[in-house]
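Features of the protein shown, as given by Swiss-Prot:
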DISULFID  C28-C114  disulfide bond
DISULFID  C31-C103  disulfide bond
DISULFID  C61-C72  disulfide bond
DISULFID  C148-C151  disulfide bond
SIGNAL    1-22  signal peptide
Amino acid sequence: MNTSHIVLMICFIVGVGQTALALKEDDCEVCVKTVKRFADTLDDATKKDYKLIETAFKKYCKTQKNKEHRFCYYLGGLEESATGILNELSKPLSWSMPAEKVCEKLKKKDAQICDLRYEKQIDLNSVDLKKLKVRDLKKILNDWDESCDGCLEKSDFIKRIEELKPKYSRNEL
């Protein structure tokens, strides 16, 4: 009887410990969001075969930019990737493993995967563009896939952003 209590206590402690160690979306945000977004693009036939998942991921990576592109590089989804741990993504996805668990396994293989973080978005409706640095103004345009040909002064960048703002800003009511 006493031994069974000890075994139950150990099982409880291990269970609580595993829950505490479980990866949260904020801990590995780029990985979790990218894996979820990629998994949503797969059809039922592709989801069952890890080789097809790998091929689909390489195709998916060709269209990615910024942090997602870096994530693809780390996994081996790009031609120029130095290493490849793509099977650590494709096999668990073929077993219908949730994105959080997939990223947990990937983190064990390569910790820098979870070091990727999204940059905080600038709220264009509330920020004073004149107080931003030129680097930040350029980043806004770059995020929009827009350029500012002939822009030399800060005021030129601000003028260009103001021109494009109605096209890209999200007005929340």
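Note that Cβ sites are derived from N, Cα and C of the backbone, with glycine treated the same way.
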Sorted by position, what residues of the same chain at least six away from C148 (disulfide bond) have a C-beta under 8 A from it?
K138, L141, D156, F157, R160
Minimum Cβ neighbour count within 10 Å among the disulfide-bonded residues C28, C31, C72, C103, C114: which residue?
C114
Cβ neighbours within the same chain of C61 (disulfide bond) - under 8 Å, at least six residues apart:
E68, H69, C72, G77, L78
Rounded to an integer, what is the Cα-Cα distance in Å between C28 (disulfide bond) and C151 (disulfide bond)?
37
Helix, strand or coil for C148 (disulfide bond)? Use DSSP.
coil
Just jot down the residues in the same chain as C151 (disulfide bond), at least 6 apart in sequence, with C-beta under 8 A of its C-beta; none if empty.
F157, R160
Between C31 (disulfide bond) and C114 (disulfide bond), find the distance joining the two CA atoms and give it rounded to the nearest Å.
7
